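S.K.: As listed in TrEMBL for this protein:
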BINDING   ASP43, ASP109  Mg(2+) binding site
SITE      TYR79  site 'Interaction with target DNA'
Amino acid sequence: MDEDVLLPSSKSKESMLKAQRLVREHVRLDDELGEVRRVGGVDCAYTSYNTVAACVVLDARTFKVVESAWAMAPTEYPYVPTFLAFRECRACARAVRSLEAVPDVLFVDGAGVNHPRMAGLASHLGVLLDLPTIGITKKVLCGTARTPTRVRQSHPLLYGGKVVGHLVLTKARCKPIVVAAGHRTTHERALALCLEMLDGHKLPAPIRLADAMCRQIKTHLNTNTDNERGDRWLRWRF
């Protein structure tokens, strides 16, 4: 879908709500995934004026990094709860679009349809790129669920009488995380893929590595301020 439609230049609440309604109308929660060979993860960090997005693509079987890329875009929107997509989606989309090895599914550090208007960052980005996405968050944005007590145990997250994701315990002595479908997949497949991509840490490997990459880039930019050009994006290699 057109980026200018989903990320309007107007910062008014009415414009953002209209864009979120479009996301909700276009989100598909069907399992369109066949065999998953490449899994991506995308996360964001902030410098003084820009949003930095890092994307890492892994081999789903070996967990080896196939490709990584990062992008930067001006931070044009203020932070407003439930409107995170407008701050981060543009940089995320640039990072993903710069990849040569397009992932079969993309893990996103943000909500999917577990959002008051079914338009979390993972859903917003999925509709924008027409790519299967899965949302991963550390906190419940909306809904309720029983708390899992055993590692790899999960319980449905319910909101408005519907399942909008799962609360899953991924590591002992850690708080559970929320896993939700973003676009072009189901909650059940999203949960299964999240469990498959665990490697002993709280977060699935694609998100964990994207987060680490973001931190590296942010540190690099903060110590090399001449490299921070509002609209510029570059590649980063591990």
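Every residue, even glycine, has its Cβ placed from backbone N, Cα and C.
Automated prediction, rather than curation, is the source of TrEMBL annotations.
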S.K.: Can you tell me the three-state DSSP label for TYR79 (site 'Interaction with target DNA')?
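M.R.: For TYR79 (site 'Interaction with target DNA') - judged by DSSP and reduced to three states - the answer is coil.
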S.K.: Other than its own, how many Cβ atoms are within 10 Å of the Cβ belonging to ASP109 (Mg(2+) binding site)?
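M.R.: Around ASP109 (Mg(2+) binding site), other Cβ atoms within 10 Å: 26.
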S.K.: Note down the number of other Cβ atoms within 10 Å of the Cβ of TYR79 (site 'Interaction with target DNA'), including every protein chain shown.
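M.R.: For TYR79 (site 'Interaction with target DNA'), the count of other Cβ atoms within 10 Å is 11.
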S.K.: Taking the Cα atoms as reference points, how far is ASP43 (Mg(2+) binding site) from TYR79 (site 'Interaction with target DNA') in Å?
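M.R.: Spelling it out, the Cα of ASP43 (Mg(2+) binding site) and the Cα of TYR79 (site 'Interaction with target DNA') are 16 Å apart.
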S.K.: Cα of ASP109 (Mg(2+) binding site) to Cα of TYR79 (site 'Interaction with target DNA'): how many Å, rounded?
M.R.: 15
